Amino acid sequence: MTAPRPEALAWAVAGPAVALGLAPLLDGVARRLRARLEARVGPPLLQGYLDLAKLSEKREVSAGAGGLAETMPVVALAAAGAAGALLPAGGVAPLGFAGDAVVVLYLLGLSSAALALAGSAAGSPYGLLGAGREMLLMLAVEPVAACALFVAAIRTGTFRLDGLVAGQAALGPSVSSALALAGMLLALAATMGRPPFDLAEAEQELMGGPAAEYGGRRLALLRWAALVRALVVAWLVAEVLLPAPVHPALAVPLAAVKTLAVFAFAAAAGVLVARLRLDHARAWAVQLAIVMGFAVVFALVGA
């Protein structure tokens with residue numbers, strides 16, 4: 001049996017730590033940008049960390065009986081952190097393996113499903129309605145992300161993330177990649193759970209949705225998991241669908257800039273577009289599926 005590589009062991013610890021540590025900072029940047037677009041001063045850039053710390057110090061609120069209410073917040077954060085650990089850094093993926101792109105999608109779906117299960121276990125009508133909307137959004141946007149990665153895999157011939165990034169940068173732009181990027185940008189806010197697709201939370205309707213009955217550390221875990229999921233999705237869009245050949249020494253800074261730009265785009269969309277109704281979101285999902293279908297067809301014919 002081959003011994004694990006030292007860099008793989010190091011990244012197994014550093015990868016989740018980086019994803020967990022940077023997610024609240026990027027959220028703070030997005031919130032500041034959203035506030036400026038609304039002519040407000042906005043919170044400090046470290047507000048995400050402050051919110052998590054404040055929630056962690058609060059008294060736990062019972063969110064229903066049973067193990068799901070206790071374990072699902074932990075599962076949601078663990079799955080999102082594991083997805084972050086598989087992301088390549090600077091074109092190198094110490095934990096990478098064949099098909100790891102599919103595993104990342106699975107982990108993102110598992111994290112979203114854990115949030116929905118947490119809401120359904122709370123025993124609140126708000127939680128149940130929010131859980132149903134969370135699953136509806138997941139079923140609508142997960143195929144979009146899968147199609148986007150499938151387009152890149154067709155072009156590069158691999159489902160390994162570092163291969164997708166390197167291959168996309170080497171091949172350059174194409175019609176299929178442009179359509180996949182357009183589809184992911186349209187689905188970005190829904191994938192990240194942000195306005196105008198924050199239907200699962202909808203504070204004015206569902207009082208916070210799946211997390212309405214949670215408080216204290218468990219609510220902090222659920223919010224942290226959502227921030228990490230948003231970071232992973234933004235990175236996938238930035239690196240796989242916005243490729244750019246660059247010197248290895250500049251790969252990590254460029255990836256950070258592109259990821260921040262994706263976050264900024266999602267924040268701006270939340271300001272410019274009002275929250276969609278559920279029926280409008282369904283119609284949007286159908287139109288988006290058509291766009292991604294064309295992207296796959298163009299990729300298959302080599303365009």
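The chain as shown is numbered from 1 upward.
Cβ coordinates come from backbone N, Cα and C, glycine included.
What TrEMBL records for 12-30, 74-97, 103-123, 135-154, 166-189, 220-238, 250-274, 281-301 is transmembrane segment.
Of the two recorded stretches, the transmembrane segment (250-274) lies close to the transmembrane segment (220-238), with three or more CB pairs under 8 Å once pairs fewer than 6 apart in sequence are set aside. Ranked by Cβ pairs under 8 Å to the transmembrane segment (103-123), the stretches 12-30, 135-154, 166-189 are led by 135-154. Within the same chain, the transmembrane segment (166-189) stays apart from the transmembrane segment (12-30): fewer than three Cβ pairs sit under 8 Å, each pair at least 6 residues apart.
Scored on C-beta pairs under 8 angstroms, the neighbour of the transmembrane segment (220-238) with the top count among 12-30, 135-154, 281-301 is 12-30. Packing against the transmembrane segment (12-30) from elsewhere in the chain are residues 43-49, 51-52, 77, 80-87, 89, 94-95, 194, 224, 227-228, 230-232, 234, 259-260, 263-264, 266-267: each is 6 or more residues past its ends and has a CB under 8 Å from a CB in it.
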